[in-house]
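Report on the structure given below.
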Amino acid sequence: MKESNLVGDIRKLFVDFFIKNGHQLFPSSPLIVKDDPSLLFTNAGMVQFKHVFTDASNANVGTAVSSQKCLRVGGKHNDLENVGYTNRHHTFFEMLGNFSFGDYFKEFAVELAWSFVTKELALNKDKLYFTVYHEDQETFDLWKKISGFSENRIIKIKTNDNFWSMGSTGPCGPCSEIFYDYGEDIEGGLPGTPEEDGARFTEIWNLVFMQYNRKSDGELCALPKKCIDTGMGLERISAVMQGVHDNYDINLFKDLIKVSKKQSGNTNNELAHRVIADHVRSAAFLIAEGLTPGNEGRDYILRRIIRRAARYVYMLKYDGALMYQIFPSLIDEKSYAYMADYYPELINAKDLIISILKIEEENFKDTLVKALPLLEKELVGLSSGGVLPGDIAFKLYDTYGFPVDITLDIIKEKGIKFDEQGFYDQMDKQKERSKLNHSIKSVQQLKGKLWVDIKEHYGGTKFVGYEQYSTRAKVLSIIYEGDKSTEVANVGDRVNVLLDITPFYAESGGQKGDTGVFNVIVRQGKELLSCDDVVEVLDTKKVLDTLYIHECVIKTGSLIVGDIICAEVNCEKRKNLCANHSATHLLHYVLKSVIDRSIIQKGSLVSDDKLRFDFSYGVALTKEQLTLIEDKMFSLIRNNSPVVTHICDLKEAIADGAVALFTEKYEDHGVRVINIGDSKELCCGTHVRYTGEIGCFKIVSEASVACGVRRIEAVTGQHAIDYFREQEKMLHLIAESVKSPIDNILIQIDKLNRNNQELKQKLSDAYFSVINLQGIATDKIGSIDFLYSSLNSVPIDVVRKFINEHLVNDMIMFFSNVVGRNVMYVIGVASNLHSKIKATDFVEIIGEVIKSKGGGNNQLAQISGEYIKEVDVIFHVKNKLINVLRN
């Protein structure tokens, strides 16, 4: 294998060739598509240029080249279940592509393709074949002229395989594919023949000629600006260049599989190693873009990928997490699997990737251990061609969280079919059983129709809360009980109120809604001299994006549709909200600056009394890191930097470095950017004018909330001062309790702890004496010393400690400890006996007798339950031991 045939070198060769031929290099767009709701992930090179293809006449770029990260899991393109079983399917892959947006068309596209494969790649011309759409005589003639091939090497295809379209309407056109012949040793026929599904002839490049626009009636009209979109799978062309027929035999995958085999200690089961190698890449890139395993949307796709790989790790009989040990090859310059030169995000997020892979795989192992034996038991009576009942798969999914796609994987390997309809019938029944969900949905539907009607009638609410805290407004609508309109609300009524204009911020972007009051000032055209009609605003929500709904209670008088009111925001709460929201932006910036630049916001809550910030990070922050964060925050607050807001187009904001959240929806035009020093974020929330208004900042907690997600809770301003005072008060109380001055408190506590430990040891020694005095019986069962005793009210930790200190080889210790009407059984088994019997084995036997459950490990386990005569339990324990020795 030539050194220039490495995957990274082929990528560079492609990119450099097209740059040399006048193309502009575009970096890979993210896998997570943020502006196309029809796609979960980027699945082709043309995705980032979709808007250009649909409006090529106004394109500001003529030609482009890219190597695009792609993921095909879920939706129309889903290769997950095929990975490992075929030579060419991957979840993650790279697509090399060159593009023209009204610049050049077929002839130059064909010339470039021919030049690259025959000169740059130096492929044997005798190994190449072309396909064209059967009505595309122009491309047929171009290939014939440029390549000099005879007509039997240029194959006309009548199917839609050679006609590409973006959808049922829109840009479309014929395409031409380049095929590589692997030779007669491999089965398969030419494209268009009955044997075309064989592996001999492999498509290596697809050239799409977008020359038509398909109308809704199916008519094809010529596009004013014709475009080129090509795609060449990097892994597939690498296999050709490296002289192998299987993508998993290229250097990149061989290195990943090599590490998988070495770390697992299992060189067999090639299928498992292939799946693991593929899924490590997919998971790593998704985590690098900020995803964490979850139960919905893209997060669930990531979880499925990791769990599918974890199941194959389990098949290797490897006792531990494996994926995180394979990932470092992707960022190791000495490895053929090295990808971080082109995708530095892998290095930036390496700690997070390693942490999430390890934690998620370890967590799923528990599910596998419980669920797999149950599935295997159900499959015992099924032979190849049999059908697994859908209710069994549903039980595994519903009770144990065992993904149905993994069940499908397992039965596929055994040639067993799946009762898919039965599975979904059970899913439907579960939904029907959930009356709560049904009722909530019904209410939402009623509310939804009401608000749609209101929006159609009145339009959206004008929000003026960025500039002012109060305004005159007109009451447009009053709603009660969620879905009923009324003209009048009286004292004590709780209602939702819609105004034509409001200074009240509606909850969104993590920020809580404003509270405050309405005072009626004009009724039926008459100015009111006194404020007898007062409405308290408890919260403000947003419905259908533009309706600001005020949740209110009538405190005095009444409220009538048509009233003119003075709407006043609670200024103190709003100022606290502003301080906490600006502090959240600064915290995001500081975390990226001083902890890890790959950190991504996963969620936030901004209320008037605290802020909460969730972020992607795999391990707990140290005390030193938390102090560093606070110091940096204090510095930014003291700088008293101005908070600058400006409005611009979304693309302009992103290009300028503004942080956007994939969980939020943004308009293409008129997005709001908040600049606080070097922090830039798209945000619709309210903020302070200067950072000094935040006052101070204190972290009150830092903890894990999900796999790979940490949460910081903090307070600012007066709430931070109150927190400091509470801590000081607590310190004084502790000092009084331990009878020590504050500056000597740690020494005094240390002294008390030492005294406490000495007393605990004396108490433990006393209980040890009690255990010995109560008597320990010994039976010889084979070569094993079986020691047992009945105790009364001895602390369980003392019993466990006694066993740990006295257990020796060839010994089993069994203690019952009666406390009131309950009894605790503790069993210790010497380590040299674990191959025959474990402490948890006895727990299972005792559990059957006393109808209870326990736990522990191989050496020490315990179980408690209602007291039963001692002899009964000891009999079962001894009987279990005798049966083990006999077998």
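Along the chain as shown, residues are numbered 1 onward.
Glycine is no exception: its Cβ is also placed from the backbone N, Cα and C atoms.
These come from Swiss-Prot:
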BINDING   His581, His585, Cys683, His687  Zn(2+) binding site
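Distribution of Swiss-Prot features across the structure.
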residue	record	Cβ neighbours (10 Å)
His581	Zn(2+) binding site	27
His585	Zn(2+) binding site	26
Cys683	Zn(2+) binding site	24
His687	Zn(2+) binding site	25
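In the three-state DSSP classification, His687 (Zn(2+) binding site) falls within coil. Listed in chain order, the residues near the Zn(2+) site other than His581, His585, Cys683, His687 are Cys578, Ser582, Thr584, Val606, Val643, Ile674, Ile676, Glu681, Gly685, Thr686, each with its Cβ within 8 Å of the site Cβ centroid.
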